[in-house]
């Protein structure tokens, strides 16, 4: 670095020194991740020498400037290209990470089939080409790019301004920082407020959005629109070394990525199922290795890495963790026979529960959440009367479901695989997993889930069918390798005719699914729209010191559904922290009475919830509109494109001074906190906060704590004695939340360090 910096022109010097420092830091990070600590130390030492000897560098540049005899532009062609350092840094880090200490995972014996054509060609690729250039020559990359092109065509309905929403998908927040804040928050400003722990999936989304310049909406768009090529690339890479024939490998990965569960999840906004579709193949491969099916004995690092991957997938769809525990328990008595192997299985199952803290405790407290996934559990997304034959065709039904006959050829292809004598034990194990998941999917389709924070919804068997399909497709690909060669070596008979018919049905599965997917496109109920769920002036008022809220009503099949909206509306992650049903029972009664026409008392009770506006979404039921018009205290503001709006014509605010005598007055508040001065000549009374009563709420007057109380059976209040004066502060404090997060963070760091590969030290023969 010193030689280069001493000889570059003056105008290039500041740019080059920044590039060298960043390149050195990047290589150091790569070495640390690869546990190559000696090269990492050398990089840091070189960087330290450069920074601490800038004076000697300036002197050297002065001497060189006086000794120059040839212009720099004349020798520039002899120097490395501007992007050379970046390419070398990438190659260096890639080389470290791909030559990790433990031997590469080979799922040999029952699973390994030897190198396929695509893998064998890697040895013929010019090793002088860059790491990125070598990747672009692979078959899997080009097929992924082709699917990406079709994905962009299929996503034509959801391009444009706005944010994806609809179905189970809520609009993305403004940026990754909102997800970080929501995860770290002790109190969530959703509905009447909630202290439930946020799911770890917010951390995954926030971290992943860094690759999109912290744009949350760009990440959601990419996951939904590009779900098929992402799932294909994941499945194709995971089949390496398992399926030798390149055609079968492409067929298996393409069929998996175009399963109805994936395409339905895209149109229904099921973010949890999309994440499962993308990460399930590497998770299965890692789990098979940990169980001990392979020629390479699994080490402790494999267990930590598998547990970490299971934690990532499970926090979006907890049923995956539950199924993994059952399968590992079976494997502990059938495959993993030694004590060390069983300990590794325990580690894999325990890691998610630890790194999920404190969310895992809430999950165990409400086990029905195992049957849900990330997003809003909206009704109408799953079919409660789904026929069994649809499930056995690997079609979970629901919104935007294709015809169930589209994937009818997958099961017969997997059945034929059972006829193969070689690798039969591995194929039978795959069939056991696949058939077990199929049965579980059938049982799941009969269940109605009662979420703790919303109305009951039918369980959706999509993730279970993805697991079943992954096992059966792998069995079909492994069992049918070499079938064409074996059949062509025998005389023509009915056997060839049946084989051809089955091959045609199997081949039509990805083709028919792909045609339906591209023709229909991604859409309905998912669509692009504004992230502001309320009229602009209503959303603007909600950000003021009163923090008023809006009661949104919607007529659904003779019933009235409602939601209590704060700010501009809900965003991704809010559904998971919505308050429990018991916290909003009083609001249920208020809305029921209001819709029934008993207006005067009910409108006053609305004010207790800081509700200023009532919005009835279109189409507006005429009877409901008449009842709201007749309610004392409600005034119709006007008709909007989204519906009809009413406003309460007296004070409504999130925080209020309520004296024993006189009218209430405003206490200025933010989203969580509230600060203000006690009104003059205070006669005594209460400070009422329109939030669910919770022991974490604290109020102080001039630094002295006020007595806490529950108002109206649900709201948080504080007793403010007569003749009080001064400044009042209201805060939510939850030391336990911070402690749990510290424990989970420490556990996560330990798991990551133990899961990282260690670089294999090479020794040269002398």
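Cβ atoms here come from the backbone N, Cα and C positions, even for glycine.
Lifted from TrEMBL, the feature list:
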TRANSMEM  12-33  transmembrane segment
TRANSMEM  140-159  transmembrane segment
TRANSMEM  203-228  transmembrane segment
TRANSMEM  274-295  transmembrane segment
TRANSMEM  307-333  transmembrane segment
TRANSMEM  345-361  transmembrane segment
TRANSMEM  401-419  transmembrane segment
TRANSMEM  426-447  transmembrane segment
TRANSMEM  459-478  transmembrane segment
TRANSMEM  498-519  transmembrane segment
TRANSMEM  738-758  transmembrane segment
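Remote same-chain residues near the transmembrane segment (274-295) are listed as 105-112, 201, 204, 223-224, 227, 230-231, 234-235, 237-239, 242, 256-257, 259, 261-262, 265-266, 302-303, 305-306, 309-310, 312-313, 316-317, 320, 324, 327-328, 331, 335-336, 341, 344-345, 348, 374, 426, 429, 463, 466-467, 470-471 (criterion: CB distance under 8 Å, separation of at least six residues from the stretch ends). Residues 118, 221, 224-229, 232-233, 236-237, 250, 253-254, 257, 514, 517-518, 520-524, 526-528 of the same chain lie 6 or more positions beyond the ends of the transmembrane segment (140-159) yet place their CB under 8 Å from a CB of it.
Panel annotation: around the transmembrane segment (426-447), residues 110-111, 293, 323, 327, 371, 382-384, 386, 388, 391-392, 396-397, 414, 417-418, 420, 458-461, 464-465, 467-472, 474-475, 478-479 of the same chain, lying at least six beyond its termini, place a Cβ under 8 Å from a Cβ of the stretch. Away from its own ends, the transmembrane segment (307-333) comes close to residues 199-201, 204, 271-273, 275-276, 279-280, 282-283, 286-287, 291, 341-342, 345, 347-352, 355-356, 359, 363, 369-374, 433, 436-437, 440, 463-464, 467, 751-752, 755 of its chain (Cβ-Cβ under 8 Å, at least six residues beyond either end).
Through the fold, the transmembrane segment (401-419) approaches residues 255, 259-260, 263-264, 383, 387, 389-390, 392-395, 427-428, 431, 434, 469, 472-473, 475-476, 478-480, 483, 499, 502-509, 512-513, 516-517, 520 of its own chain, all at least 6 residues removed from its boundaries and within a Cβ separation under 8 Å.
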